[in-house]
Structures are given as structure tokens and as C-alpha cells.
Amino acid sequence: MSQKELWYETLHANFGQYFSVENVLYREKTEHQDLVIFENPELGRVMALDGVVQTTERDEFIYHEMMTHVPLLAHGQAKKVLIIGGGDGAMLREVSRHKNIEQITMVEIDAGVVEFCRQYLPNHSAGAYDDPRFKLVIDDGVNFVNQTTEKFDVIISDCTDPIGPGESLFTSVFYEGCARSLNEGGIFVAQNGVCFLQQDEAVNSHNKLSHYFSDVSFYQAAIPTYYGGIMTFAWATQNPALRQLDLATLQNRFAQAGLACRYYNPAIHVGSFALPQYLLDALTTIPKVIGLDSSE
């Protein structure tokens, strides 16, 4: 191990994780972020932005299947999907597996990320960038949702942590724009961190989203790369019934969609909305947490 280069993640100040580096495939500071892609013997190709791992070939399927199939199958009739972020292409890959969807718009702030990932993480997108339903917009996500006149059935915020370029995707002005950009019966979901270590993120998101959506909650999955426990995904709609679909309904929709997944299944879908008590307590007993710009 001592003879190998080690790459250390810097998300948390007092502890973290390291990766052995077999080969650095790409390293560059783009217009918005410091990007590196390297190979690890256990996880395959790994992409990190600003010192924080974003995705690995080994376990990305868990994150992307849960971020897409949960809202899309809960909706049941989605035709237009908006992805905020998602430059590695895996979110697009999973959304494009739903043949009933007519339009997929992806808004990515950094064109460099898209270019690098198409070259160095081709398995993530798996050709999805060539889908005729796909449209790429290079823009800030906050600006897009507050300027567009389009309406979407599902909005997926594949945001980084609330630092650097990703910080604006945790603000009220972004959530308000997303609520306005959804069709009736639409669903908004977003990456919301590992709640055991980043509980404030979930509490702040819940507080802000509740101003614009009548049903706000979280669902979860365990993703090895994102250490510290379960990862939470924000869920926001105007229709509580979409979060409470029975197993039989989801099984029927899953079968009709013809999906073959490695992590997602209808039972996982139902169970993912069961949250640990410490998070439920935080959401009900902490009225407001300072730290993520709750005023904007």
C-alpha cells in the first residue's frame, strides 16, 4: 500500500476515507471545479470534484437507479423529465430506459464535466447522450428553473454537496423555481447527503421545500462510496399519495416498464421511505438550522 499513490477525500474535517490510485486518467481545474478521474482496483474508475468523490463505476448504479426509478414509477405517466447536474451521464442513462418519456432535458453548469465523462466514464452514460429525446443545456440550474417557461413531470437534482457550484441548488430560490416548473402531479427529488453526518442538510432542505410543496419527505439507500450510513434523497410533491403507493401498483408499473435493475425493485421502493428515528426526530423537533442560507 505504501508504494501506491493514495488519494484522500476532504469532505469532512476530522475524518474521511482514502483510495489507492492505480492510474490518474485525467486531472484539470475546469471553469467551475477541480476535477480528477482515476482508477481504483476495487471501485474501477472514480471521479472527484473539489476533493470529494462524486461517482465510481462499482456502485454508481445504486444512486442512479434510486434517483430515477423511484420518482418515475411513482409518477406513472411522466413524459418530460428535467435533470439538474448529472454531467457523468448515468442519470440520463437510467431515465432513458423509460420508453414512455418523450423529452429529457439536462442542465449542467460545467460543459467540461460532460466532455471528460463521455471520454473517461463511458459506461456511465452507455450511449444515452445519443438518445434523440435528450437535450443538453449548459447553464446554472437556479437560473434555468427561474427563467424557463417549460413544465416538467419529474425534476431530478443531481447536485453536489452544498459547497462551491452546488451550494445554490440547496437554496429557496432554486426550490421555488423547481416547484413552479413542475406540471400538476409533478415530483421533485434531490441528493441530500448522508444524514448521519450531514443532518443539517436534510433539515434545511425540509424547511425550505415545505414552503413550496405540500408533501415533503426523504427516501434512502446505502451507497458504499458515500460513507457514514444511508444516503438521503429529498422528495417533494403536491400529492402525498404518490409517496404512499402500494406494492402491487409499483410491481405492475415496474413490469410494464420492462426494467431490469441491479438495486431497485418495487419492495425496495416502498421500504426506502422508512427513515431512521434520529432523522424523524430532527425533522420534527428542530424548527430551523442555520448554515445553508435559509434566507434565499
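Just so it is clear, glycine is given a Cβ too, placed from its N, Cα and C backbone atoms.
Values in this document were obtained by computation on a predicted structure and should not be read as measured data.
Feature annotations, courtesy of Swiss-Prot:
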- Asp158: active site, proton acceptor (ACT_SITE)
- Gln33, Glu108, Asp140, Gly141, Pro165: S-methyl-5'-thioadenosine binding site (BINDING)
- His64, Asp88, Asp158, Cys159, Thr160, Asp161: spermidine binding site (BINDING)
- 5-238: domain 'PABS' (DOMAIN)
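According to its DSSP assignment, Gly141 (S-methyl-5'-thioadenosine binding site) is helical. DSSP gives Gln33 (S-methyl-5'-thioadenosine binding site) a coil state; it is part of no helix or strand.
By the criterion of other Cβ atoms within 10 Å of the residue's own Cβ, the least surrounded of the recorded positions Asp140, Asp158 is Asp140.
If you take the C-beta of Glu108 (S-methyl-5'-thioadenosine binding site) and look for same-chain residues 6 or more apart in sequence within under 8 angstroms, you find Gly85, Gly86, Gly87, Val114, Leu136, Val137, Ile138. Across the fold, the C-alpha of Gly141 (S-methyl-5'-thioadenosine binding site) and the C-alpha of Cys159 (spermidine binding site) stand 9 Å from each other. Calculated from their C-alpha atoms, the gap between His64 (spermidine binding site) and the residue listed as 'active site, proton acceptor' amounts to 9 Å.
Neighbour counts were taken at the CB atom with a 10 A radius for the binding-site residues Gln33, His64; the maximum falls on His64.
Under the DSSP three-state reduction, His64 (spermidine binding site) is assigned to helix. A distance of 10 Å separates the Cα atom of Asp158 (active site, proton acceptor) from that of Asp88 (spermidine binding site).
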